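Participant: Below: one structure in structure tokens.
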There are 4 protein chains.
Amino acid sequence: MKDSLKLVVIGGGSSYTPELVEGIINNFDRLPIKELWLVDIPQGEHKLNIVGKLAQRMVEKSGLPIDVKLTLDRLEALPNADFVSTQIRVGLLEARAHDESIPLKYGVLGQETTGPGGMMKAFRTIPVLLDICKDIEKLCPNAWMLNFTNPAGMVTEAINRYSNVKSIGLCNSPIGVYKWLSKLYEVPTDRIYAEFVGLNHLHWVTQVTVDGESKLEELLESGESYTAKNVPGMDWNAKLIRSIGAIPSYYLRYFYLTKEMYAEQVAAMEKDGSRAIIVKRVEDELFELYKDPNLSIKPKQLEKRGGAYYSEAAVNLMVSLHNDTRDIQTLNVPNGNILPFLPADASIEVNCVVSKQGPMPVTVRNIPQGVTGLIHAVKTYERLAIDAAVTGDRDLALQALTCNPLVPSVRVAEEILNEMLEQNKDYLPNFFK
Amino acid sequence: MKDSLKLVVIGGGSSYTPELVEGIINNFDRLPIKELWLVDIPQGEHKLNIVGKLAQRMVEKSGLPIDVKLTLDRLEALPNADFVSTQIRVGLLEARAHDESIPLKYGVLGQETTGPGGMMKAFRTIPVLLDICKDIEKLCPNAWMLNFTNPAGMVTEAINRYSNVKSIGLCNSPIGVYKWLSKLYEVPTDRIYAEFVGLNHLHWVTQVTVDGESKLEELLESGESYTAKNVPGMDWNAKLIRSIGAIPSYYLRYFYLTKEMYAEQVAAMEKDGSRAIIVKRVEDELFELYKDPNLSIKPKQLEKRGGAYYSEAAVNLMVSLHNDTRDIQTLNVPNGNILPFLPADASIEVNCVVSKQGPMPVTVRNIPQGVTGLIHAVKTYERLAIDAAVTGDRDLALQALTCNPLVPSVRVAEEILNEMLEQNKDYLPNFFK
Amino acid sequence: MKDSLKLVVIGGGSSYTPELVEGIINNFDRLPIKELWLVDIPQGEHKLNIVGKLAQRMVEKSGLPIDVKLTLDRLEALPNADFVSTQIRVGLLEARAHDESIPLKYGVLGQETTGPGGMMKAFRTIPVLLDICKDIEKLCPNAWMLNFTNPAGMVTEAINRYSNVKSIGLCNSPIGVYKWLSKLYEVPTDRIYAEFVGLNHLHWVTQVTVDGESKLEELLESGESYTAKNVPGMDWNAKLIRSIGAIPSYYLRYFYLTKEMYAEQVAAMEKDGSRAIIVKRVEDELFELYKDPNLSIKPKQLEKRGGAYYSEAAVNLMVSLHNDTRDIQTLNVPNGNILPFLPADASIEVNCVVSKQGPMPVTVRNIPQGVTGLIHAVKTYERLAIDAAVTGDRDLALQALTCNPLVPSVRVAEEILNEMLEQNKDYLPNFFK
Amino acid sequence: MKDSLKLVVIGGGSSYTPELVEGIINNFDRLPIKELWLVDIPQGEHKLNIVGKLAQRMVEKSGLPIDVKLTLDRLEALPNADFVSTQIRVGLLEARAHDESIPLKYGVLGQETTGPGGMMKAFRTIPVLLDICKDIEKLCPNAWMLNFTNPAGMVTEAINRYSNVKSIGLCNSPIGVYKWLSKLYEVPTDRIYAEFVGLNHLHWVTQVTVDGESKLEELLESGESYTAKNVPGMDWNAKLIRSIGAIPSYYLRYFYLTKEMYAEQVAAMEKDGSRAIIVKRVEDELFELYKDPNLSIKPKQLEKRGGAYYSEAAVNLMVSLHNDTRDIQTLNVPNGNILPFLPADASIEVNCVVSKQGPMPVTVRNIPQGVTGLIHAVKTYERLAIDAAVTGDRDLALQALTCNPLVPSVRVAEEILNEMLEQNKDYLPNFFK
């Protein structure tokens, strides 16, 4: 087994980086990352330097033989990498602010990964990541690419269908479910098992066991569920949940409570502006902290940022890939036959045994009838949108958006699309050739 | 081959019956129906007598040896029937008026077969038809049941899943497509072929040929399509249709133009009342005409009623079943493997070779990616609703309605459901045990 | 609709050609083939001239405006063809004689299309036909290719998988079944319907109706079945057939009666030599007849040749493709979802609706459990053998032959393969690069 | 978690029992089996007493609080059992001797689990086990049934399809593969991963990793493979194996080397009599040893018996089920979608994550094309044979045997079947009603 690993972080100037660095330091014995490259684009140089220096101070404090390198040229960083992680935000938070606000004007939810906002993020992001993949194919074809970049399900599927890179999509939400259950039942997470059915940001938990005993019935009765900070915690209808027979991801509020979530967004927008603006404020504060040359640990305040457990997810995955642990993690991978109504190459979120050869999905025991239609509807939108992102075909983009269950008509879809494409013009060369 | 056939029409007092009688008279040489039983319930006795006498006058005029019998007791009519056709309306047009008006109050489309109104019609109808099926199983187990009763796709699936009756679902919409194309291209319908993909009231025409030459591209370019009188003819977005690559059923306006169709309904309701009320007026006029003892043909005015081609669809199907013609008709039958993402027992609308042994679906060449999600979403709603209709499970009804793509949230679903169940109390013994 | 069609017959010097010419003459009103090109290779020039002149005399006698052209250069013949039919025999009957005799030495059935002999015929034929396909792609890409060349199922699949030519595989065996039933029930074939499940030369008839009434049970009881002249008519075991619930193709004797058919072959070989030698004798006699300048009709003796109904199958198919008749014919086409356990691109033999756009398979109602394993085993062999034919990979050829259910071990497979490859060296450039 | 478990061993008088007892003793800390019931039939009382007393002495020596109980009445043993394991041999070794010798007379392989012998063993065993299952359903419905009884794949499938017992099929062969690899690469088994595709006694190893690095290519090149003592270790053809791309189970020699294995069996039979007779001799010796009142450990000689690792397989499975370990074991479970060409309820041998809720199959990465046909052919035979065992339908039995790839014709099948049914008359009440 290799005793020296190289990790390249694309979008290394992200405010999340210190969390990842902390994870790397804490797991060095199982995951000897000795080269850590933080890569960013020229516009991100300032932030890269701030974060990079903090990372270097953290490593120095740890006393571990980890070399943190900063670069604006990924071609310098990629050769022979073992892992490449991506956490980029094309158009920065400013673009996100538009993703969140424009749809609202047309009566449609505005959200970073769901609905028109998610599609626009996919349009900006997919071509950039496919370019990165071309470099990975040449410079480090055996590397595992860990994709955190949202919308992670669509991005991962795009990479799997349009490149030869070995890519795995990751989300902090499944870990969040385990943490919630761990707290609820007062047992460590390794005594819990949760079965996930669905897509990224569109999963249902169809089984929960503690020490192997099912807790599903009591959880369905209690109506309790896990909600992350970035999605308002509106109450589910307990009858619906019991009838489905599975615990929905908090993102499913956008689908089961569309009308009410829209109203909440409109109210929140009026009160505080878009969530992007709030996040921007948190980020600015974080970077102020990061600048402090005496800071050599991850600051507490990072937890407010909303990406809890990202580092844990990433490190867990790398540890398992490196050590061939064959433990089970919830990942975004090609469907195969797991959900038999979806194409084999559709990315789904599912429990996988993680070996050095990569993730092997574990059969799901139970696919509740009531969830199949929504999964298929959203996946249909996703596949059309991925193809539109790659080709720049506007009619396809219109079809994709019309197929999105949150959009109430093709006419509304067209109005939103026209404004959003125009707004994102600078980031959409495929659509403005 | 039998030279004497018996047809039992359940709901024989319907205003449509004269059209059917005309079809039977005109096709007597290929379809020797010598016993025609018109069956209705006691509340429909008055109408049954009016329609029945007209039918008798029509037959008399034809000089054919057809015996028209009227009864309020289906047990008298069913023994040894060759065909049973159903055209019932549980709750009459009054119930339909509520189906159409109640959802509008909650911001949701009100329609006879689509959305909450269609679900309520299914709830009223399915248990009644399953009772009829029990009698058919005993009294004429070899009969073919032709089901016109809406929502025809759901009702047919319910019968296929919950009874042993040989049932086929029928709709006038596919014949309408052929008639439209025939007029457009000025050729008889037998030189036209159209391929249908989808469900009842939710199909797309994925291929059109005239003398075997494809006309699909030019039709997609032209943006022309077929619309029946009962659905407002709002313009499609031509870019969407071209991008899908198939011609949508006019019912798909409810899904692709939800917002605009809702607005149209609200305006129409304010102006003219619900469509049920308009239909009621037409029906009343028809029955006035039917009463005329000098009338012995189908009156022209029946065409306004909206059910054009129903008789043609029914007679065509019986002719082919009786004569083993093995021609192709578009029918509602169990899916098998035709749409591989749906369960085998889901009813779909598809071209079938019709033999005496029943319909054999013909493989579809092309399932456009963009239609799969919506088909699956609607079928998921349909299956949950069918199960709710059979069991009277309110939570399941709530889940079904929430899964309907036209309903914007579980809370709205619950409000609509509560009012509609209460309104339909008298017709829903399963839900009010 | 075109009023002038062009047919190119590859292998036009075949003794079958007069039958095809007769069919063309008799169907001229529905199928106006005005150019008939007979193409052969230089070694076949002598036979081409004899057959070609007979064809010209037949056409002349008919008085129809059909131009019969002979050529040794297919590039001259193919441009703008509407139909291309292939009836070639790479290596001639001499090669067939080896296909039939060599396996016998190793205790294995020797047969033209089944077992090692069939594989060797596929190896000789597939590369030649793929070369022809390349010319068709360039010179007449819209032509329909009718493939009669055996093993027709494998050859058709190879063309569908490795070229873009629109190809349909044809066999006389399904028509034979209809003729047999027509005689048995004394009704014309159009009142009969037979459902076929399986592969070319490996089908089961799972339903038979006369005027739509099932005759399956009585046929299974009677133990009667159809057998062509080229396969010995050994008795089935009636219990087996009843238990399967379907009537096997006469070719299935090679699988259900392997031991006894082998013994029969060994005895026949000792008595009369291989079947190829018998056929050679018939052919020589036919060509003597064909030479007669006074002969201007198809001679009766051709019927002994064994390819009865080939012309009928070909003409029926061309008539339906040309006229968009949408009648049902039994053809070899890609599987799609018809047999859900086989790959979508596997060629199967199945009832199809034949339109101008090509054949559309009709769903099979019933796949008896007991036939699935044998179909899959033989198709697995076929797919490996097709890939071996295309690549010339000897290990793959060995794997294919070992997977053939008639071959009792890999060691036997290797011995047979070594001798047969060596014997066929001149015709297997892919294997002797 | 329960701290006191109850295991019932059906067929407890087996010579294997001491191995199982040793395993239970050694794993008591993880698997607190405090009640161990050994159940046998009256004819087995003598052996049960011998083995039972040895078991009691072993437990006594261990000092653990394990209560070993002997009974001839399973109704006494089953109530509230946590685990039931079955290791029965209906007809004893005498019946096996006939299974092995009769087919040889007809030119067909005689083997305990494969071919006609395996079918006859299934016929004797399945009805007995289904009777036991009825008792389990009543007396301990939550128990896990561990089935070792051969043919384990067929028996497990029969139980899954015809009872409600939670049953898992087990074989020592996959553990054997791990042990072989462990020795070959000189690493402990937990650093090895092998992927299995296929059925019980009909699997291929499609991937082998050591510390996550693939060793498949080098193993295929080397031609090495694992062989247990009970199957002659005839050399594979290396070209075949490389071309398949997977390492076949040693049982696959019966299919890839049918002719040679038959010859070997005939020779061995002449020399030593059937394998049953050899085993009988070993067993007699073992029971002599077991009688020794001073023996309180598993005697070394048991290893010669051929069932190596059975105890390990059983204990591993019970430990994981009890402790919800979620490690990976190779088990016989219903297929689901794993092998998409087989029915969902077909039992397959596949890697599973074992939780307290039972095994969850792990997706296989790679199904070599060349293995699908043989798997499907054998599974088709198995399913027909299972149905014949349950119904006693002789025609179905004939169909099953004819579909077995080792049987060369229906006539041979009928001869074998007649003799074997007659020979087994006393054990086949379903066939001799």
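Every residue, even glycine, has its Cβ placed from backbone N, Cα and C.
Taken from TrEMBL, the feature substrate binding site applies to A:Arg96, A:Asn150. As annotated by TrEMBL, Mn(2+) binding site applies to A:Cys171, A:His201. According to TrEMBL, the feature domain 'Glycosyl hydrolase family 4 C-terminal' maps to A:196-407. Among the features that TrEMBL reports, site 'Increases basicity of active site Tyr' is placed at A:Glu112.
Map these features onto the structure and tell me what's around them.
Facilitator: In this structure, A:Asn150 (substrate binding site) belongs to neither helix nor strand by DSSP; it is coil. Non-local neighbourhood of A:Asn150 (substrate binding site): A:Glu112, A:Thr113, A:Gly118, A:Lys121, A:Thr125, each in the same chain, at least six residues away, with C-beta under 8 Å from its C-beta.
Counted within 10 Å of its Cβ, the other Cβ atoms near A:His201 (Mn(2+) binding site) come to 26, all protein chains included.
Here the domain 'Glycosyl hydrolase family 4 C-terminal' (A:196-407) has a mean pLDDT of 94 out of 100.
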Participant: Measuring Cα to Cα, tell me the gap between A:His201 (Mn(2+) binding site) and A:Arg96 (substrate binding site) in whole angstrom.
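Facilitator: So the alpha carbons of A:His201 (Mn(2+) binding site) and A:Arg96 (substrate binding site) sit roughly 17 Å from each other.
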Participant: To see if you understand the setup: which same-chain residues, six or more apart in sequence, place their Cβ under 8 Å from that of A:Cys171 (Mn(2+) binding site)?
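Facilitator: Within the chain, A:Cys171 (Mn(2+) binding site) has Cβ neighbours under 8 Å at A:Phe148, A:Ala152, A:Asn200, A:His201, A:Ala313, A:Thr330, A:Asn332, A:Glu349.
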Participant: For A:Glu112 (site 'Increases basicity of active site Tyr'), what is the tally of other C-beta atoms lying within 10 angstroms of its C-beta?
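Facilitator: For A:Glu112 (site 'Increases basicity of active site Tyr'), the count of other Cβ atoms within 10 Å is 22.
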Participant: To see if you understand the setup: which same-chain residues, six or more apart in sequence, place their Cβ under 8 Å from that of A:Arg96 (substrate binding site)?
Facilitator: A:Arg89, A:Glu112, A:Gly117, A:Lys121, A:Ser274, A:Arg275, A:Ala276, A:Val279
Participant: For A:Cys171 (Mn(2+) binding site), name the DSSP secondary structure in the helix/strand/coil scheme.
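Facilitator: Reduced to three states, the DSSP call for A:Cys171 (Mn(2+) binding site) is coil.
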